[in-house]
(Lines of atoms letter the chains of each structure in order from A; the text may use other names.)
(Lines give C-alpha, C1' and ligand atoms only; values in the text may rest on other atoms or scores of the structure.)
Protein backbone atom coordinates (compact mmCIF):
# COMPACT_ATOMS: atom_id res chain seq x y z
CA UNK A 1 0.00 0.00 0.00
CA UNK A 2 3.01 2.26 -0.04
CA UNK A 3 2.11 3.22 -3.58
CA UNK A 4 -0.82 5.23 -2.26
CA UNK A 5 1.57 8.05 -1.41
CA UNK A 6 2.03 8.66 -5.13
CA UNK A 7 -1.65 9.11 -5.93
CA UNK A 8 -0.97 12.60 -7.24
CA UNK A 9 0.56 10.95 -10.30
CA UNK A 10 -1.81 9.50 -12.84
CA UNK A 11 0.12 6.34 -13.65
CA UNK A 12 0.80 5.49 -10.03
CA UNK A 13 -2.82 6.07 -9.09
CA UNK A 14 -4.08 3.72 -11.80
CA UNK A 15 -1.45 1.13 -10.95
CA UNK A 16 -2.36 1.18 -7.27
CA UNK A 17 -6.09 0.88 -7.89
CA UNK A 18 -5.70 -1.76 -10.60
CA UNK A 19 -3.22 -3.89 -8.69
CA UNK A 20 -5.21 -3.62 -5.48
CA UNK A 21 -8.39 -4.70 -7.22
CA UNK A 22 -6.79 -7.37 -9.37
CA UNK A 23 -5.03 -9.10 -6.50
CA UNK A 24 -8.35 -9.85 -4.82
CA UNK A 25 -9.51 -12.34 -7.42
CA UNK A 26 -12.11 -12.27 -10.20
CA UNK A 27 -15.13 -12.26 -7.86
CA UNK A 28 -13.93 -9.58 -5.46
CA UNK A 29 -16.06 -6.83 -6.91
CA UNK A 30 -19.14 -8.94 -7.53
CA UNK A 31 -22.40 -7.29 -6.40
CA UNK A 32 -23.70 -8.51 -3.09
CA UNK A 33 -20.27 -9.19 -1.64
CA UNK A 34 -19.70 -10.09 1.99
CA UNK A 35 -19.80 -6.44 3.09
CA UNK A 36 -17.78 -4.64 5.70
CA UNK A 37 -19.61 -6.35 8.52
CA UNK A 38 -18.49 -9.83 7.49
CA UNK A 39 -16.07 -11.78 9.62
CA UNK A 40 -12.64 -11.30 8.12
CA UNK A 41 -10.98 -14.47 6.92
CA UNK A 42 -7.59 -14.83 5.26
CA UNK A 43 -9.10 -13.85 1.93
CA UNK A 44 -10.21 -10.48 3.43
CA UNK A 45 -7.00 -9.62 5.22
CA UNK A 46 -6.60 -6.65 2.87
CA UNK A 47 -9.85 -5.00 4.03
CA UNK A 48 -8.48 -3.01 7.01
CA UNK A 49 -5.74 -1.60 4.80
CA UNK A 50 -8.10 -0.47 2.04
CA UNK A 51 -11.10 0.68 4.06
CA UNK A 52 -8.96 2.13 6.83
CA UNK A 53 -6.78 4.15 4.50
CA UNK A 54 -6.98 7.95 4.86
CA UNK A 55 -4.77 10.56 3.18
CA UNK A 56 -3.36 13.63 4.91
CA UNK A 57 -6.37 15.54 3.53
CA UNK A 58 -8.82 13.09 5.05
CA UNK A 59 -9.69 11.37 1.77
CA UNK A 60 -10.58 7.69 1.97
CA UNK A 61 -10.09 5.11 -0.76
CA UNK A 62 -13.66 5.86 -1.85
CA UNK A 63 -12.88 9.58 -2.18
CA UNK A 64 -9.84 8.70 -4.29
CA UNK A 65 -11.81 6.36 -6.54
CA UNK A 66 -14.21 9.23 -7.27
CA UNK A 67 -11.49 11.86 -7.72
CA UNK A 68 -9.56 9.66 -10.16
CA UNK A 69 -12.75 8.44 -11.86
CA UNK A 70 -11.63 4.85 -11.43
CA UNK A 71 -14.90 3.01 -12.01
CA UNK A 72 -13.71 -0.59 -11.44
CA UNK A 73 -12.22 0.34 -8.08
CA UNK A 74 -15.34 2.35 -7.20
CA UNK A 75 -17.56 -0.62 -8.04
CA UNK A 76 -15.34 -2.87 -5.94
CA UNK A 77 -15.52 -0.57 -2.92
CA UNK A 78 -19.29 -0.20 -3.22
CA UNK A 79 -19.67 -3.97 -3.43
CA UNK A 80 -18.36 -4.18 0.12
CA UNK A 81 -19.53 -0.87 1.61
CA UNK A 82 -23.09 -0.41 0.29
CA UNK A 83 -25.44 0.54 3.09
CA UNK A 84 -22.66 1.33 5.57
CA UNK A 85 -21.42 4.52 7.21
CA UNK A 86 -18.23 4.26 5.16
CA UNK A 87 -20.07 5.94 2.27
CA UNK A 88 -20.55 9.12 4.30
CA UNK A 89 -17.05 9.54 5.73
CA UNK A 90 -15.98 13.17 5.26
CA UNK A 91 -12.57 14.56 4.39
CA UNK A 92 -11.01 17.65 5.96
CA UNK A 93 -13.38 19.90 3.98
CA UNK A 94 -16.39 17.92 5.13
CA UNK A 95 -16.85 16.40 1.68
CA UNK A 96 -18.16 12.90 1.19
CA UNK A 97 -17.58 10.92 -1.99
CA UNK A 98 -21.04 12.05 -3.13
CA UNK A 99 -20.07 15.71 -2.73
CA UNK A 100 -16.99 15.15 -4.89
CA UNK A 101 -18.97 13.33 -7.57
CA UNK A 102 -21.42 16.24 -7.73
CA UNK A 103 -18.59 18.81 -7.95
CA UNK A 104 -17.06 16.86 -10.83
CA UNK A 105 -20.41 16.47 -12.58
CA UNK A 106 -20.05 12.68 -12.67
CA UNK A 107 -23.69 11.63 -12.88
CA UNK A 108 -23.01 7.89 -13.17
CA UNK A 109 -20.87 8.03 -10.04
CA UNK A 110 -23.52 10.06 -8.22
CA UNK A 111 -26.08 7.42 -9.10
CA UNK A 112 -23.94 4.53 -7.94
CA UNK A 113 -23.26 6.21 -4.61
CA UNK A 114 -26.90 7.23 -4.21
CA UNK A 115 -28.18 3.73 -4.96
CA UNK A 116 -25.61 2.27 -2.57
CA UNK A 117 -26.99 4.37 0.28
CA UNK A 118 -24.85 7.53 0.38
CA UNK A 119 -26.48 10.25 2.47
CA UNK A 120 -27.89 13.13 0.45
CA UNK A 121 -28.42 15.37 3.47
CA UNK A 122 -24.82 15.31 4.66
CA UNK A 123 -23.44 18.85 4.60
CA UNK A 124 -19.85 19.74 3.81
CA UNK A 125 -17.96 22.52 5.55
CA UNK A 126 -19.93 25.25 3.81
CA UNK A 127 -23.25 23.62 4.64
CA UNK A 128 -23.79 22.38 1.09
CA UNK A 129 -25.50 19.12 0.32
CA UNK A 130 -24.63 17.30 -2.89
CA UNK A 131 -27.66 18.91 -4.53
CA UNK A 132 -26.45 22.39 -3.55
CA UNK A 133 -23.12 21.61 -5.21
CA UNK A 134 -24.78 20.22 -8.34
CA UNK A 135 -26.71 23.51 -8.59
CA UNK A 136 -23.54 25.55 -8.18
CA UNK A 137 -21.67 23.77 -10.97
CA UNK A 138 -24.72 23.38 -13.25
CA UNK A 139 -24.55 19.58 -13.12
CA UNK A 140 -28.08 19.00 -14.37
CA UNK A 141 -27.84 15.25 -14.83
CA UNK A 142 -26.44 14.84 -11.32
CA UNK A 143 -29.42 16.80 -10.03
CA UNK A 144 -31.76 14.56 -12.02
CA UNK A 145 -30.34 11.53 -10.23
CA UNK A 146 -30.57 13.11 -6.78
CA UNK A 147 -34.15 14.24 -7.38
CA UNK A 148 -35.39 10.68 -7.87
CA UNK A 149 -36.61 8.50 -4.98
CA UNK A 150 -33.80 6.26 -3.80
CA UNK A 151 -34.25 2.63 -4.89
CA UNK A 152 -35.10 0.15 -2.14
CA UNK A 153 -32.06 -1.94 -3.00
CA UNK A 154 -28.82 -1.14 -4.85
CA UNK A 155 -29.05 -1.79 -8.55
CA UNK A 156 -26.54 -3.28 -10.93
CA UNK A 157 -24.61 -0.77 -13.02
CA UNK A 158 -26.48 -1.97 -16.13
CA UNK A 159 -29.82 -1.17 -14.48
CA UNK A 160 -29.25 2.40 -13.42
CA UNK A 161 -31.47 5.41 -13.96
CA UNK A 162 -29.10 6.86 -16.55
CA UNK A 163 -29.22 3.76 -18.75
CA UNK A 164 -33.00 3.46 -18.45
CA UNK A 165 -33.97 6.93 -19.64
CA UNK A 166 -32.53 10.22 -20.75
CA UNK A 167 -35.60 12.12 -19.51
CA UNK A 168 -34.43 14.21 -16.58
CA UNK A 169 -37.90 15.10 -15.32
CA UNK A 170 -38.04 13.98 -11.69
CA UNK A 171 -40.39 11.09 -11.00
CA UNK A 172 -42.94 12.49 -8.58
CA UNK A 173 -44.95 9.27 -8.50
CA UNK A 174 -42.65 8.28 -5.63
CA UNK A 175 -42.59 4.66 -6.77
CA UNK A 176 -39.02 3.31 -6.89
CA UNK A 177 -38.08 1.05 -9.76
CA UNK A 178 -38.47 -2.65 -9.12
CA UNK A 179 -35.14 -4.33 -8.56
CA UNK A 180 -36.28 -7.82 -7.58
CA UNK A 181 -38.51 -9.85 -9.84
CA UNK A 182 -39.67 -11.92 -6.85
CA UNK A 183 -39.75 -9.63 -3.82
CA UNK A 184 -40.21 -11.12 -0.39
CA UNK A 185 -43.03 -9.19 1.35
CA UNK A 186 -41.65 -10.12 4.75
CA UNK A 187 -38.31 -8.50 4.02
CA UNK A 188 -39.59 -5.60 1.92
CA UNK A 189 -38.83 -2.16 3.37
CA UNK A 190 -40.80 1.01 2.81
CA UNK A 191 -39.42 3.14 -0.06
CA UNK A 192 -37.01 5.72 1.27
CA UNK A 193 -38.56 8.80 -0.32
CA UNK A 194 -38.04 11.22 2.50
CA UNK A 195 -34.35 12.02 1.96
CA UNK A 196 -34.74 13.25 -1.60
CA UNK A 197 -37.69 15.42 -0.57
CA UNK A 198 -35.77 16.96 2.32
CA UNK A 199 -32.95 17.96 -0.03
CA UNK A 200 -35.23 20.57 -1.56
CA UNK A 201 -35.55 22.45 1.73
CA UNK A 202 -32.00 21.91 2.99
CA UNK A 203 -30.23 25.19 3.70
CA UNK A 204 -26.53 25.86 3.49
CA UNK A 205 -24.83 28.07 6.05
CA UNK A 206 -26.07 31.21 4.27
CA UNK A 207 -29.63 29.91 4.49
CA UNK A 208 -29.87 29.18 0.77
CA UNK A 209 -31.82 26.22 -0.54
CA UNK A 210 -30.79 24.53 -3.80
CA UNK A 211 -33.42 26.64 -5.58
CA UNK A 212 -31.91 29.85 -4.22
CA UNK A 213 -28.51 28.72 -5.49
CA UNK A 214 -29.87 27.86 -8.94
CA UNK A 215 -31.63 31.23 -9.23
CA UNK A 216 -28.56 33.18 -8.15
CA UNK A 217 -26.57 31.36 -10.83
CA UNK A 218 -29.27 32.21 -13.42
CA UNK A 219 -29.67 28.52 -14.30
CA UNK A 220 -33.16 28.21 -15.77
CA UNK A 221 -32.78 24.50 -16.52
CA UNK A 222 -31.85 23.72 -12.92
CA UNK A 223 -34.73 25.87 -11.70
CA UNK A 224 -37.07 23.86 -13.91
CA UNK A 225 -35.80 20.58 -12.44
CA UNK A 226 -36.26 21.83 -8.90
CA UNK A 227 -39.70 23.21 -9.71
CA UNK A 228 -40.80 19.86 -11.13
CA UNK A 229 -39.47 18.11 -8.04
CA UNK A 230 -41.65 20.26 -5.79
CA UNK A 231 -39.30 22.93 -4.46
CA UNK A 232 -40.90 25.80 -2.52
CA UNK A 233 -40.99 28.70 -4.97
CA UNK A 234 -41.68 31.28 -2.26
CA UNK A 235 -39.26 30.30 0.49
CA UNK A 236 -37.38 33.41 1.70
CA UNK A 237 -33.69 33.37 2.47
CA UNK A 238 -33.01 34.37 6.10
CA UNK A 239 -30.83 37.46 5.76
CA UNK A 240 -33.32 39.86 4.15
CA UNK A 241 -36.32 37.71 3.33
CA UNK A 242 -35.68 37.57 -0.40
CA UNK A 243 -37.76 34.95 -2.21
CA UNK A 244 -36.58 33.27 -5.41
CA UNK A 245 -38.42 36.02 -7.32
CA UNK A 246 -36.44 38.73 -5.54
CA UNK A 247 -33.21 36.86 -6.25
CA UNK A 248 -34.10 36.45 -9.92
CA UNK A 249 -34.75 40.19 -10.19
CA UNK A 250 -31.48 41.04 -8.46
CA UNK A 251 -29.64 38.68 -10.81
CA UNK A 252 -31.52 40.27 -13.74
CA UNK A 253 -32.29 36.78 -14.97
CA UNK A 254 -35.43 37.38 -17.03
CA UNK A 255 -35.77 33.77 -18.18
CA UNK A 256 -35.59 32.50 -14.61
CA UNK A 257 -38.04 35.18 -13.46
CA UNK A 258 -40.55 34.22 -16.14
CA UNK A 259 -40.18 30.53 -15.30
CA UNK A 260 -40.88 31.17 -11.63
CA UNK A 261 -43.87 33.41 -12.35
CA UNK A 262 -45.44 30.88 -14.71
CA UNK A 263 -44.89 28.18 -12.08
CA UNK A 264 -46.93 30.17 -9.56
CA UNK A 265 -44.36 32.09 -7.52
CA UNK A 266 -45.99 34.91 -5.54
CA UNK A 267 -45.30 38.34 -7.12
CA UNK A 268 -46.68 40.08 -4.01
CA UNK A 269 -44.09 38.59 -1.64
CA UNK A 270 -42.20 41.13 0.42
CA UNK A 271 -38.73 41.22 1.87
CA UNK A 272 -38.38 41.90 5.58
CA UNK A 273 -38.09 45.61 4.76
CA UNK A 274 -41.30 45.56 2.72
CA UNK A 275 -39.92 45.57 -0.83
CA UNK A 276 -41.73 43.55 -3.48
CA UNK A 277 -40.07 41.98 -6.53
CA UNK A 278 -41.51 44.79 -8.67
CA UNK A 279 -40.10 47.42 -6.32
CA UNK A 280 -36.71 45.81 -6.79
CA UNK A 281 -37.18 45.49 -10.56
CA UNK A 282 -37.85 49.21 -10.94
CA UNK A 283 -34.35 49.87 -9.63
CA UNK A 284 -32.81 47.77 -12.41
CA UNK A 285 -32.03 48.88 -15.94
CA UNK A 286 -33.70 45.87 -17.58
CA UNK A 287 -37.32 46.87 -18.37
CA UNK A 288 -38.33 43.27 -19.09
CA UNK A 289 -38.23 42.44 -15.38
CA UNK A 290 -40.95 44.92 -14.42
CA UNK A 291 -42.98 44.05 -17.51
CA UNK A 292 -43.02 40.34 -16.58
CA UNK A 293 -44.00 41.05 -13.00
CA UNK A 294 -46.83 43.41 -13.96
CA UNK A 295 -48.12 40.86 -16.46
CA UNK A 296 -48.45 38.38 -13.60
CA UNK A 297 -50.31 40.71 -11.26
CA UNK A 298 -47.50 42.28 -9.26
CA UNK A 299 -48.78 45.31 -7.30
CA UNK A 300 -47.25 48.70 -7.89
CA UNK A 301 -44.75 49.50 -5.13
CA UNK A 302 -45.53 51.96 -2.39
CA UNK A 303 -43.26 54.91 -1.72
CA UNK A 304 -41.29 53.12 0.96
CA UNK A 305 -40.51 50.35 -1.49
CA UNK A 306 -38.33 52.76 -3.44
CA UNK A 307 -35.90 53.10 -0.56
CA UNK A 308 -32.72 51.10 -0.77
CA UNK A 309 -32.45 48.27 1.71
CA UNK A 310 -29.21 46.98 3.25
CA UNK A 311 -29.57 43.87 1.09
CA UNK A 312 -29.58 45.48 -2.32
CA UNK A 313 -28.50 48.43 -4.40
CA UNK A 314 -29.38 49.62 -7.86
CA UNK A 315 -25.87 49.82 -9.16
CA UNK A 316 -24.92 46.20 -9.75
CA UNK A 317 -26.07 43.50 -12.09
CA UNK A 318 -26.57 41.09 -9.23
CA UNK A 319 -26.76 42.35 -5.70
CA UNK A 320 -27.41 39.04 -4.03
CA UNK A 321 -25.43 38.42 -0.89
CA UNK A 322 -21.93 37.82 -2.22
CA UNK A 323 -20.58 36.24 0.90
CA UNK A 324 -19.52 32.69 0.23
CA UNK A 325 -21.31 29.93 2.06
CA UNK A 326 -18.45 27.47 1.71
CA UNK A 327 -14.71 27.20 1.95
CA UNK A 328 -12.25 26.47 -0.78
CA UNK A 329 -12.01 22.96 -2.13
CA UNK A 330 -9.05 20.65 -2.31
CA UNK A 331 -7.08 20.59 -5.53
CA UNK A 332 -8.85 17.72 -7.27
CA UNK A 333 -6.63 15.63 -9.53
CA UNK A 334 -8.65 14.23 -12.40
CA UNK A 335 -6.94 12.19 -15.07
CA UNK A 336 -9.90 11.15 -17.18
CA UNK A 337 -12.34 13.20 -19.25
CA UNK A 338 -15.31 10.88 -18.86
CA UNK A 339 -17.59 13.40 -17.16
CA UNK A 340 -21.12 13.00 -18.51
CA UNK A 341 -22.16 16.57 -17.82
CA UNK A 342 -19.24 18.92 -17.94
CA UNK A 343 -15.52 19.28 -17.69
CA UNK A 344 -14.21 19.11 -14.11
CA UNK A 345 -13.76 22.60 -12.65
CA UNK A 346 -10.29 23.98 -12.21
CA UNK A 347 -9.07 24.10 -8.61
CA UNK A 348 -10.41 27.12 -6.77
CA UNK A 349 -7.90 29.38 -5.08
CA UNK A 350 -10.71 31.24 -3.30
CA UNK A 351 -14.13 30.21 -2.01
CA UNK A 352 -16.83 29.84 -4.62
CA UNK A 353 -19.62 32.36 -3.92
CA UNK A 354 -23.26 31.69 -4.60
CA UNK A 355 -23.35 35.01 -6.44
CA UNK A 356 -21.50 34.53 -9.78
CA UNK A 357 -21.16 38.31 -10.16
CA UNK A 358 -20.21 39.66 -6.74
CA UNK A 359 -20.16 43.41 -6.37
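Cβ from N, Cα, C; glycine included.
Positions annotated as compositional bias 'Polar residues' by Swiss-Prot: 160-172. The feature compositional bias 'Acidic residues' is assigned by Swiss-Prot to 318-331. Under the heading compositional bias 'Pro residues', Swiss-Prot lists 344-359. As annotated by Swiss-Prot, region 'Disordered' applies to 153-194, 298-359. Under the heading repeat 'ANK 1', Swiss-Prot lists 57-86. The repeat 'ANK 2' feature in Swiss-Prot is assigned to 93-122. What Swiss-Prot records for 126-155 is repeat 'ANK 3'. Annotation comment: Swiss-Prot describes 206-235 as repeat 'ANK 4'. The feature repeat 'ANK 5' is assigned by Swiss-Prot to 240-269. Swiss-Prot lists 273-302 with the feature repeat 'ANK 6'.
Within the repeat 'ANK 6' (273-302), the DSSP-based counts of helix, strand and coil residues read 14 helix, 0 strand, 16 coil.
Across the repeat 'ANK 2' (93-122), DSSP classifies residues as 18 helix, 0 strand, 12 coil. As a summary of secondary structure, the repeat 'ANK 3' (126-155) carries 14 helix, 1 strand, 15 coil according to DSSP.
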